Amino acid sequence: MSDSSTTRYAIELKDITKTFGSVVANENINLSIKYGEILALLGENGSGKTTLMNMLSGIYYPDAGSISISGEEVAITSPTDAINYGVGMIHQHFKLVEVHNAMDNIVLGTKEKHLKPIVLKEKILNISNKFGLEIEPEKKVYNMSVSEKQTVEIMKVLYRGAEILILDEPTAVLTPQETEKLFAILRKMKDQGSAIIIITHKLHEVLSISDRVAILRKGKLIDTVETKETNEKQLTELMVGRPVSLKIERPEVEEKKTILKVIDLSVMNEDGTMGLNNINFKLKKGEILGVAGIAGSGQKELCESIAGLMKVKTGAVLCNKENIIGKTPDEIIKLGISMSFVPEDRLGMGLVGTMGMVENMMLKSYKINKGFFIDKKPARKLSEILVKKLGIVTPNVETPVRMMSGGNVQKVLLGREIESNPNVLITAYPVRGLDINSSYMIYDLLNEQKKKGVAILFIGEDLDVLLELSDRIMVLCHGELKGIVDAKETTKEELGLMMTGKSLQGVDIDE
Amino acid sequence: MNIFLNFLIASVLAGTPLLFGTIGEIMNEKAGHLNLGVEGMMAMGACAGFMAGFMSNNLLIALLAAFAAGMIGALIYAILTITFMADQNVTGLTLTIFGVGISNFFGEYMLVHSETNSLKLPEQITAQLSNINIPFLTDIPVIGPLLFNYNAFVYLGILTAILCGIYLNHTKLGLNVRAIGENPGAADAAGIKVTKLKYFNVMLGGGICGIGGAYCSMIINGGVWMSNSVNGMGWIAVALVIFASWSPTKAIFGSFVFGGFNILKYYFPKSIITIPNAFYDMLPFIITALVLVITSIRKSKENSQPASCGVNYFREER
């Protein structure tokens, strides 16, 4: 690349403002990025990162302000415009047609005339060689891993010849090894002169990949700093607006009695594949057992089979030598096990979105209520206690929970489950979509329960968090247990290898 | 043997309106729109086709009128669901009620104002709609009458099915349409004009349904106008889409099978067992219900309903 004084600006944003109703998502944003540069966009949830990027990709149109690309002022009114200006966006939720193969997804919507599959394949493989992508053009998307799907998304952008690439949280679902691979591709693209904007929550990734960091808070651009001159602490402070401790506690609990023993648990999925294959482990009181694995490795099946929501093919879950598989929730409670399940799909399985907090509380306690009519008073009282205790932000306890932000919804759900005094707590991705503050609040809640002697099964996706919070970590891959490791002794790399299928030899700390 | 051959031929004839309806609905669903108004669009086509033929004495004009009427029905549906994001199921059901109603209304109006109190298609059109004799081919025993001796609608239906199959599976436009039906967000992000293509496909499908309706009014009753000529065929067509696993070419076979169920009562030998006629009338609907149950067990991702079918697409949805 030429030296910086003559480098062209890829994108210049001037005074960009976007509102949704009364909510200001972006306010007077001024930001620019050069060709041959990687810019990281950092901010908590709801700080307006995705909205800002969606204006570049033509999903939204700014209410005020101007966008220039390569020095020329442009109006991006649709994704087609964005593509024509050379802007390619890789969304957090992939925009791929599942039943089509990679090739069909890549050429989708391009203007050139219909190419023969052989010619097209050749063309795709040429581009992938140039940038070091690994891609199988004829593979159907639904057969692909998350990382493969992402590669297809990147290929789509490259195929259109885009020189400006925007990635919205691309590493959220990748293993450390896959993340490294992605970064290698991004660096290669940067060397070839592309401008890249990457949105991520993970500070160490920001520091490793970017040249500059732009920080958004509550819709405003707080600062832009050179990556070389900053550190994780400074970035967090800029992002949150005040100093924050980044350490997750791991309290030690003395009494560690096994409460659940899972033996040879196998689950068959609807499509006939094995969701879980001969899983064996013990869950102890006063510990957090972390579960790591690539998305779809059997986490859902594990939670739901233990919680009694999914039919088990073989195996047992023993509690005091009694198998709880096949028992009704009532019978399980009589055995002295009170299980709470915080599912990943909060509004789908956990709460009823159109109901308020009060009614959602009653979903769990309806049995206590005798008589024909409902008594809302205890539930209302509980709701008010939770609002105060957990700092839930809601206009009032009758407001439909779907109107609340993700963090508050999670607090309502977790709060309700904890209030029922469980001794086994299963949580799936409890901090997914939550910002730093809410996440730490949730970790504290979990630790509090752990200290009370609750056995916690914690399905996580951020390995850093799993390593800091859990006592032990079990790793799943394709429904198989690849090993259980001590969280204090293992490394991210080791977990990453296990997540992609490498079994741990000779180590078993499940005692 | 002869009865069996006649039964097969009659099945094809009875299945042809189903074929049009099914292809029309496939075009809708592939673009992500579950249009339950097939019955209504067919009824509109039935009325418009018959009346246009009756007045113009020209088969081509009758067909065009039927196509246009189906398209207008589909346009109403498209405006409501694509532009105004109305619920697809409710809109579709309403379209059925509207289409059947307006068709009967106009039919009745024309009937009342006719001199003989009956409406009959002109001789010329009836002649054009009689079975086609292809020299040599029609004369081949068994195969001749089975394959080469139908009215023009039958061949038009099969041709439509094949053309639609090619359109959906082998052209760029078809690829774009399929992408919209599966994941409109992905199609939009890829720069496809989602709204425009949805309108195009929904209206094309409606037009094809209209032709199917014209078959009901112009052929089934021998060229005499009768109200309610579509008589539930549209509903069977909606179910047939599932039976045909969203493939226009597979719809050919499916519609002829269901056509067979429709006319079984005339061909089932009474000497073996006597079954009440009501049972035969019920049969296609029972089979439809069974097909729905059985096919819902199917697991293949490719041969199932487009993932976004029934869900309206709004780009700025948060």
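The backbone N, Cα and C atoms fix where each Cβ goes, and this holds for glycine too.
TrEMBL: automatically predicted annotations, no manual curation.
Just so it is clear, the model here is predicted, and its values are computed rather than measured.
Checking the ranges B:92-112, B:239-259 against TrEMBL, the transmembrane segment annotation falls on B:92-112.
The transmembrane segment (B:36-54) makes no contact with the transmembrane segment (B:147-168): fewer than 3 of their CB pairs lie within 8 A, with pairs spaced 6 or more apart in sequence. Against the transmembrane segment (B:92-112), stretch B:60-80 has more CB pairs under 8 A than any other of B:6-24, B:60-80, B:147-168, B:199-220, B:280-297.
Recorded stretches compared: B:6-24, B:60-80, B:199-220, B:280-297; the one with the most Cβ pairs under 8 Å to the transmembrane segment (B:147-168) is B:6-24.
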